[in-house]
Amino acid sequence: MTTLEEISALTRPRHPDYWTEIDSAAVDTIRVLAADAVQKVGNGHPGTAMSLAPLAYTLFQRTMRHDPSDTHWLGRDRFVLSAGHSSLTLYIQLYLGGFGLELSDIESLRTWGSKTPGHPEFRHTPGVEITTGPLGQGLASAVGMAMASRYERGLFDPDAEPGASPFDHYIYVIASDGDIEEGVTSEASSLAAVQQLGNLIVFYDRNQISIEDDTNIALCEDTAARYRAYGWHVQEVEGGENVVGIEEAIANAQAVTDRPSFIALRTVIGYPAPNLMDTGKAHGAALGDDEVAAVKKIVGFDPDKTFQVREDVLTHTRGLVARGKQAHERWQLEFDAWARREPERKALLDRLLAQKLPDGWDADLPHWEPGSKALATRAASGAVLSALGPKLPELWGGSADLAGSNNTTIKGADSFGPPSISTKEYTAHWYGRTLHFGVREHAMGAILSGIVLHGPTRAYGGTFLQFSDYMRPAVRLAALMDIDTIYVWTHDSIGLGEDGPTHQPIEHLSALRAIPRLSVVRPADANETAYAWRTILARRNGSGPVGLILTRQGVPVLDGTDAEGVARGGYVLSDAGGLQPGEEPDVILIATGSEVQLAVAAQTLLADNDILARVVSMPCLEWFEAQPYEYRDAVLPPTVSARVAVEAGVAQCWHQLVGDTGEIVSIEHYGESADHKTLFREYGFTAEAVAAAAERALDN
């Protein structure tokens with residue numbers, strides 16, 4: 001634990017010359033509002049918001065370039081509260097700074113319908129750049145924002161001197177001990193150093209307290225040394241009240257352009273709560289009436305009043321609105337001059353901000369003739385990306401060290417990064433479009449979210465479907481935010497083959513479909529893959545993330561695939577030859593991905609027995625379920641109860657479509673190491689097995 005002498009030193013104020021009583025009053029107002037808000041609702045995290053009051057005030061009032069009247073301003077700095085549990089750190093600044101929150105919003109913290117939920121939520125509260133809460137996600141996504149900032153500069157103003165472009169800005173982060181402990185920050189921080197992201201500035205709130213009290217029980221590393229080892233520019237500031245040290249550290253960080261900056265700020269959580277500061281009780285619970293009253297006495301507030309904000313303090317802090325508009329106007333002059341110099345790039349920017357695609361963007365998408373050589377859908381996806389590359393400069397992405405397997409490299413594209421990281425295989429350029437995440441799947445997921453949140457580009461990232469488990473927290477958060485990240489997940493079943501059960505997805509499709517707002521797209525062949533990419537890219541921001549599920553093994557190019565049908569999520573691929581117009585089939589075979597070919601073959605076998613089967617390709621359950629019921633009933637007539645679902649995964653998500661009398665051809669156990677043909681045969685994925693299931697469904 002921290003000694004009393006150390007606490008005294010760490011809480012000794014050091015203010016710059018311009019600092020006045022009104023600045024001190026504003027900081028104390030932040031502390032009191034944080035204590036009052038948590039006390040009123042009875043739960044929350046007051047301590048960090050109290051001890052970080054000087055830092056938050058300095059960042060929002062004195063450091064960041066932003067405009068409270070336009071929270072979507074292209075030239076703004078971004079702020080990421082990775083320590084999302086300390087949401088009051090952000091909310092109170094948004095209130096004091098005039099971003100759209102009022103005192104009543106602070107008073108309604110963590111209550112139904114409020115603008116101030118327990119953790120910051122993107123799209124919910126004006127001024128919140130990203131949803132945070134699961135620790136580590138914010139810092140990792142901030143790395144993506146910094147990468148997106150550089151790529152944006154490369155698209156629109158690549159030749160400007162550092163700091164001279166209207167597209168230059170900073171990404172500021174506040175991270176906690178918990179963020180530092182999470183593995184995703186290690187992954188992302190390592191990559192940030194490789195990328196030399198000089199516009200990324202992270203404040204690490206080193207208060208050494210978590211829910212279980214003193215972090216020494218679980219964290220005893222020299223974190224600053226770890227970040228130096230990564231290759232970051234590292235500074236250490238002693239004391240959360242040391243505004244001089246904070247400002248000097250920010251200035252030093254801004255001067256370093258070839259490395260991300262890490263500022264370890266040693267604070268005392270809960271300061272100035274006399275009995276609970278520097279304890280776990282200040283971290284995640286209300287302080288209690290007596291302790292809150294004591295805090296107010298210490299800072300000169302009336303202990304009997306709540307939510308006190310002096311009028312002169314609010315007038316002072318909301319001066320940020322005018323200052324922000326002035327900064328915006330100065331930036332606009334630079335931006336307008338750039339627009340006059342670069343009319344073509346300005347037109348591109350306008351298109352991206354409007355979320356529009358260029359005319360003819362999909363004209364060169366590849367098409368494969370039915371019956372042509374079998375092709376893995378991952379290979380088809382790679383061909384699609386290379387065809388789209390010249391038309392869509394906003395599209396960029398890569399893989400978690402599996403580019404050759406995932407087929408995620410756009411033909412002819414340089415790698416994104418400083419030229420110094422170039423290898424024999426890859427040529428890196430500051431503004432390249434091929435991303436190399438390394439074996440860092442979790443960071444990749446979070447970084448993709450940061451890229452998309454920053455805008456205005458589209459990003460994708462690939463790995464094996466099995467390793468989507470490593471990405472799941474980031475994928476869920478992207479779905480919660482309704483952002484349009486794209487995940488390319490290949491090697492999608494036991495069809496992966498010889499690598500065996502550790503790498504063969506079994507439960508993954510159902511597990512991913514369980515995430516609300518995530519669209520899971522598993523095309524049947526090369527053409528459905530092209531149609532899937534077309535649909536994904538045509539969707540506007542706010543339509544949610546998409547996981548594109550692709551095969552390792554070759555699959556036949558099918559007859560009857562349909563672009564509109566893919567966009568609807570499911571469609572009639574073929575009806576048995578004997579069916580008359582308007583006549584219903586005897587049985588419906590519903591399949592996805594590589595198993596659609598089995599349904600087609602089973603349809604022929606059933607026809608030999610005078611059973612008329614319909615084959616429905618269902619690349620995306622989520623898109624299909626969003627269709628009007630008239631369309632769904634036309635594809636799956638309710639009167640046809642004999643149904644079979646075929647998918648090389650667990651059956652969990654298919655019961656709703658096949659009903660009690662239907663059958664599911666699935667796999668409910670782990671696989672083995674063998675070639676894919678053997679595995680499919682031994683585990684019952686054959687046309688004969690599908691036909692037999694159809695006959696059972698008819699008998700049910």
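Note: Cβ is positioned from N, Cα and C throughout, glycine not excepted.
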Matching residue for the thiamine diphosphate site, where Swiss-Prot names Thr48, His85, Gly133, Pro134, Leu135, Gly178, Asn207, Phe467 - out of His15, His283, His367, His429:
His283
Could you look at Asp159, Asp168, Asp177 and say which one Swiss-Prot places alongside Asn207, Ile209 in the Mg(2+) site?
Asp177
Residue among Asp36, Asp414, Asp482, Asp499 sharing the substrate site, where Swiss-Prot lists His45, His283, Arg378, Ser405, His491, Arg552 as binders:
Asp499
Within 10 Å of Thr48 (thiamine diphosphate binding site) (Cα to Cα), which of the binding-site residues Asp177, His283, Arg378 do you find?
His283
Ranked by the number of other Cβ atoms within 10 Å of their own Cβ, which of the binding-site residues Leu135, Ile209 ranks first?
Ile209
Can you give me the Cα-Cα distance between His45 (substrate binding site) and Ile209 (Mg(2+) binding site) in Å, rounded to a whole number?
12
In the structure shown, which of the recorded positions Asp177, Glu441, Asp499 has the fewest Cβ neighbours within 10 Å?
Asp499
Could you state the whole-number distance in Å separating the C-alpha atoms of Asn207 (thiamine diphosphate binding site) and Thr2 (N-acetylthreonine)?
10
So of all those recorded positions, Gly133, Ile209, Glu441, Phe467, Arg552, which one's Cα sits nearest to Thr2 (N-acetylthreonine)?
Ile209
